[in-house]
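Here is what Swiss-Prot says about this protein:
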| type | residues | note |
| --- | --- | --- |
| ACT_SITE | Asp96 | active site, proton acceptor |
| ACT_SITE | Asp270 | active site, nucleophile |
| BINDING | Asp96, Ser97, Gly98, Gly99, Phe100, Asp150, Gln193, Gly220 | substrate binding site |
| BINDING | Cys308, Cys310, Cys313, His339 | Zn(2+) binding site |
| REGION | 251-257 | region 'RNA binding' |
| REGION | 275-279 | region 'RNA binding' |
Amino acid sequence: MIDFPIKYRLIKKEKYTGARLGEIITPHGTFPTPMFMPVGTQATVKTQSPEELKQMGSGIILANTYHLWLRPGDELIAKAGGLHKFMNWDQAILTDSGGFQVYSLAEKRDISEEGVTFKNHLNGSKMFLSPEKAISVQNNLGSDIMMSFDECPQFYQPYDYVKKSIERTSRWAERGLKAHRRPHDQGLFGIVQGAGFEDLRRQSSHDLVSMDFPGYSIGGLAVGETHEEMNAVLDFTVPLLPENKPRYLMGVGAPDSLIDGVIRGVDMYDCVLPTRIARNGTCMTSNGRLVVKNAAYAEDFSPIDPECDCYTCKNYTRAYVRHLLKADETFGIRLTSYHNLYFLVNLMAKVRQAIVDDNLLEFRQDFIEKYGYNASNRNF
């Protein structure tokens, strides 16, 4: 039996749902699950220091392979001693494969069996990313958890296209496993695709589970489908994945989606949402989203969220944060970003406690009622 560098330990199953409390052991420490992972695209979580991320309880962060491969280059990071030393982060790091960025950012991409040829979005130069190259770059980065190179088809692509795509993704996953130079200290996850088609998700899961990865990601969601469609895919996909390994739902950060994923047995999430909306002055609060830049808060001397105990809410008022944002002061973005990240990391801590107490469905109902979801704001 392979001794994987990434191990999942189940602590408790929730009585009334598929939710599970656990922990993931990595070469750079252990973190509890379910967990939300802040995204550090360019080897930094925008405006936040490693110390601040630790304060808020982030045991793992994500970095983007595509961006770091293009700039400053994976070989330079390897010379620095790997990503942990380069960015002074001594806890777990997960890297994606670069595939999603190739499909979403790059121009004029051409997908073949060998890989993807595309134009560098920074300078227009021609680039080629293959399963082997994606693994090689991540081996140089030295992340604790790596992703297989996959194609992320759009959710509403035709069935025949998605079928060919998942079959190619399975072949790419096998090639990536063979190219992996550091299986002793980097865990490589397989990525299940298949859009909204149950039989294709089943086929993709079967292919990848047979390859015995140390963990599995669910890709191809949060790409334009409805909340109900996402939940339906999770309902038939999560049970196909091994119970003794981590389950990671990629690119999901809306609070209700996090809770609904946990109910269905998901352990890990990542998303740029909390920092992206923070830069526009939008804050997640216990009572729903709050656009602190609005004129209504010019003389509001209460915290962004009176129920939040983060650094921002304990020390600064809505009026002050609004002033900073209106004056284009970076500190304002730091404060809103810290708050939003803390909100999601802390939400997962509350979810973990609800699993312990066997009252996750009640917790969900209370949260949704208070947050006030409706069609206009459900993405926040």
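Cβ atoms are placed via backbone N, Cα and C, with glycine included.
Overlay of Swiss-Prot annotations on the structure.
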| residue | record | Cβ neighbours (10 Å) |
| --- | --- | --- |
| Asp96 | active site, proton acceptor | 31 |
| Ser97 | substrate binding site | 31 |
| Gly98 | substrate binding site | 24 |
| Phe100 | substrate binding site | 22 |
| Asp150 | substrate binding site | 31 |
| Gly220 | substrate binding site | 32 |
| Asp270 | active site, nucleophile | 23 |
| Cys308 | Zn(2+) binding site | 19 |
| Cys310 | Zn(2+) binding site | 21 |
| Cys313 | Zn(2+) binding site | 24 |
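For the recorded site, the residue listed as 'active site, nucleophile', the DSSP three-state label reads strand. DSSP assigns Gly99 (substrate binding site) to a helical segment in the three-state reduction. For Gly99 (substrate binding site), applying a Cβ distance below 8 Å and a minimum sequence separation of six or more within one chain yields Val116, Leu129, Ala134, Met147, Phe149, Asp150, Glu151, Cys152. Across the fold, the C-alpha of Cys310 (Zn(2+) binding site) and the C-alpha of the residue listed as 'active site, proton acceptor' stand 29 Å from each other. Here the candidates are the recorded positions Gly220, Asp270, Cys313, and by Cα distance the one nearest Asp96 (active site, proton acceptor) turns out to be Asp270. Nearest Cα neighbour of Phe100 (substrate binding site) among the listed recorded positions (Asp270, Cys308, Cys313, His339): Asp270. The secondary structure of Gln193 (substrate binding site), as reduced to three states from DSSP, is coil rather than helix or strand. When the recorded positions Ser97, Gln193, Asp270 are compared by Cα distance to Cys308 (Zn(2+) binding site), the shortest distance belongs to Asp270. A C-beta separation below 8 Å, combined with a sequence spacing of at least six in one chain, links Gln193 (substrate binding site) to Asp150, Glu151, Cys152, Pro153, Val162, Ser165, Ile166, Thr169, Leu200, Arg201, Ser204, Gly219, Gly220.
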